[in-house]
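A.B. asks: I'd like to ask you about the structure that follows.
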Amino acid sequence: NLSDDLSFNFDKFVPNQKNIIFQGDASVSTKGVLEVTKVSKPTTRSIGRALYAAPIQIWDSITGKVASFATSFSFVVKDEPDEKIDGVDGLAFFLAPANSQIPSGSSAGMFGLFCSSNDSKSSNQIIAVEFDSYFGKTYNPWDPDFKHIGIDVNSIKSIKTVKDDWRNGEVADVVITYRAPTKSLTVSLSYPSDGTSNIVTASSVDLKAILPEWVSVGFSGGVGNAAKFDHDVLSWYFTSNLEANQSQT
């Protein structure tokens, strides 16, 4: 009998971490940091993903229940002082079909989630929150003209964004909540160093219409042409609860 509640917590990580599936260049350092993309030079075109090993039931076709969930994590993105490119390309938290794999051609601004042949297709069945540290119309024409937090549904072109000035080497704390009754997804990012925070909310995000019943959750990241650029997750908490959908349609 599966419980309607699920939660897990990683205060830190260990090499060859149990309960985490590593894809591409993702790994855990001896310092207990989840390194989503390649660390050793060159990091150019590195892609990595780290997923919680157990699939999570996000809705139930029999009972009609849809999960509310919350996740919190701390991360750092950093490049070397002599790096000529400012921020390439970013980190994302995502939900995707269980046992999902990295698509071919999804490095750089595609975050290891999408590629040109599948972008915007409902068959992707992906919801992601991207922390995009690079913008440039030449390479990423879908992006707004600023570094940002974006909520993505089946496409690298975000449905909602808010400006966020990426800070090289600084810890960022993130809280993401989804409320099933209101179908609202809210993202809050704050910098403990000075308390600055940004919030973005998307309404009418219908998990049942977008995702399969069972999903994998985790992190993905991509690097473009930067020779040395790191995406590090320091800690991660996740909890979900299947509940009867109270909203009437």
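Yeah, the Cβs are placed from backbone N, Cα and C, and that goes for glycine too.
Not my notes, these are from Swiss-Prot:
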- Asn118: N-linked glycosylation site (CARBOHYD)
- Glu130, Asp132, Asp145, His148: Mn(2+) binding site (BINDING)
- Asp132, Tyr134, Asn140, Asp145: Ca(2+) binding site (BINDING)
- Asn245: N-linked glycosylation site (CARBOHYD)
A.B. asks: Please work out the number of neighbouring Cβ atoms within 10 Å of the Cβ of Asp132 (Mn(2+) binding site), leaving out its own Cβ.
C.D. replies: 26
A.B. asks: Counting every protein chain present, what is the number of Cβ atoms, excluding its own, within 10 Å of the Cβ of Glu130 (Mn(2+) binding site)?
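C.D. replies: The Cβ of Glu130 (Mn(2+) binding site) has 27 Cβ neighbours within 10 Å.
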